[in-house]
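In what follows, a single structure is set out as C-alpha cells and then discussed.
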C-alpha cells in the first residue's frame, strides 16, 4: 500500500527527527532529505503531499549560505517553512516557541488541511509492504542474518521469516558475554517457536581466551568485534547459495550519518568488516523506522514483549561491564547480579519506567564479613538512568525498600560478592556505561 508522505528538507536544524516523528505519530509517513534535492528527485518520490523546509537561512557551507532549490515552490505541492523566512511558503512555523501545543496544531493542520494527506502509515501496512518488497528483492535466494538477540536483529529476523521462510539463515554467536538466558531465549523463540533456520555457535572459550589479561576497554571492544566478524565469516563460508545479507539498520543510523547540512554524529556501520570476497547484497527492511517503531513492528510480527522491549545492550556485551581484565568468576557475578536486578525491576514496575539499568563488577575487592569470618570479595555496582537521546542522563531515584531487596538478594545469591553500591553519577560527567 502506497502511503502519503511529507518530505522534510534539512537546512541544518537539530529538530528534523523530532519533526519527522511528530508527523508519523499522526499516521502520516515522513522522511528527511538534503536541502539541495532536485525537483526531479522529489517528483520520483511516491505520494509526496507536502514539503517542510526545516532550518534557518543563517546556515552556511564553505562560507556560502544554503537554501533549497527555488523550483520547489512551483511544483504545486504545499510548502511549510519551519524557522525559514520564505514568502512563497504556504505556511510558516516559528523556529523557537514555548507553545508546543500550538506547534503540534500547526503541523497537524498543514498535514491534513493544507496537504490533504491521508493517515495510512501504520505497522500493519508497513509489515505487509515490506514482505512484498523483500520477496521482490530476494526472490527464491537465501539471506544470511547475524541474530544477536537484540531488538533490531530480532525484528529483522521475524520480518524476513514472514517473507521468505526457510530461505532465511540466522547465525547466533554466543561469545560468552551474553546476559543470563539470552542465547537460550534466541533458540527458544526463533528455532523452537518460529521454526527458523538457526545456526547456533558457542564460542565462549575462544572469546574468553582471547580476552584473558586485557584491561583496556577499547582493546577489549576491538578484540570482541574482530573475533565476532571472524566467527561470522567462518560460518558464512560453510553455507552455500547465500546471496543476501540481512542487517538491522534503522532510520536513526541513516540520519546520524549526516546530510550535507547536518553534522555527522557517527559513521553508520552494522555487520561491517566482512572480507571483500564475501559479496552480499544488503537487505535492510527496517531502515525507514525509528526505534519505537521497530518495537511496534516486533509486536505486530508476534515477537514476545520481553524480547521487543529488551534493555539496550552494548555490542561487546558484558565484556564492558566486567571492568578491567575479564575473569570468569567476575563475569558470572555480573551475569547473575544483572539478572536479579532485571527481575526485581520488573516486579516493581520499574522496567517500563527506567530507560536503562544494569550492574557492573569492578576489578578490585573489598573487605567484608561472611559466616562470622573475614571475606575479601567483589563489589557489585547498580546503575539505573533515564534519558531521551542518550546524550545526557539522569539517575532514577529508586525507592530504598526496592534497593534493599535487590541488595539482599545479590549478597545471598551471587558468589564472591560482599558489597552492593548504587551509582549516583549523571551524564555528564559520567557516561552511561562504565567502559
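Backbone N, Cα and C define each Cβ position, glycine as well.
Quick look at what Swiss-Prot lists:
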DOMAIN    1-120  domain 'Glutamine amidotransferase type-1'
DOMAIN    121-310  domain 'GMPS ATP-PPase'
BINDING   148, 149, 150, 151, 152, 153, 154  ATP binding site
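Considering other CB atoms within 10 Å as the measure, the emptiest surroundings among the binding-site residues 148, 153, 154 are those of 153.
Counting other CB atoms no more than 10 Å from each candidate's CB, the binding-site residues 149, 150 peak at 149. Looking at the domain 'GMPS ATP-PPase' (121-310) alone, the prediction's average pLDDT is 88. Neighbour list (residue 152 (ATP binding site), Cβ cut-off 8 Å, at least 6 residues apart, same chain): 248, 250, 286, 294. In the three-state DSSP assignment, the secondary structure recorded for residue 148 (ATP binding site) is coil. Apart from 148, 149, 150, 151, 152, 153, 154, the residues listed for ATP, the same chain places the Cβ atoms of 147, 155, 156, 157, 248, 310 within 8 Å of the centroid of those Cβ atoms. If you take the C-beta of residue 151 (ATP binding site) and look for same-chain residues 6 or more apart in sequence within under 8 angstroms, you find 291, 294, 295, 298, 307, 308, 309, 310.
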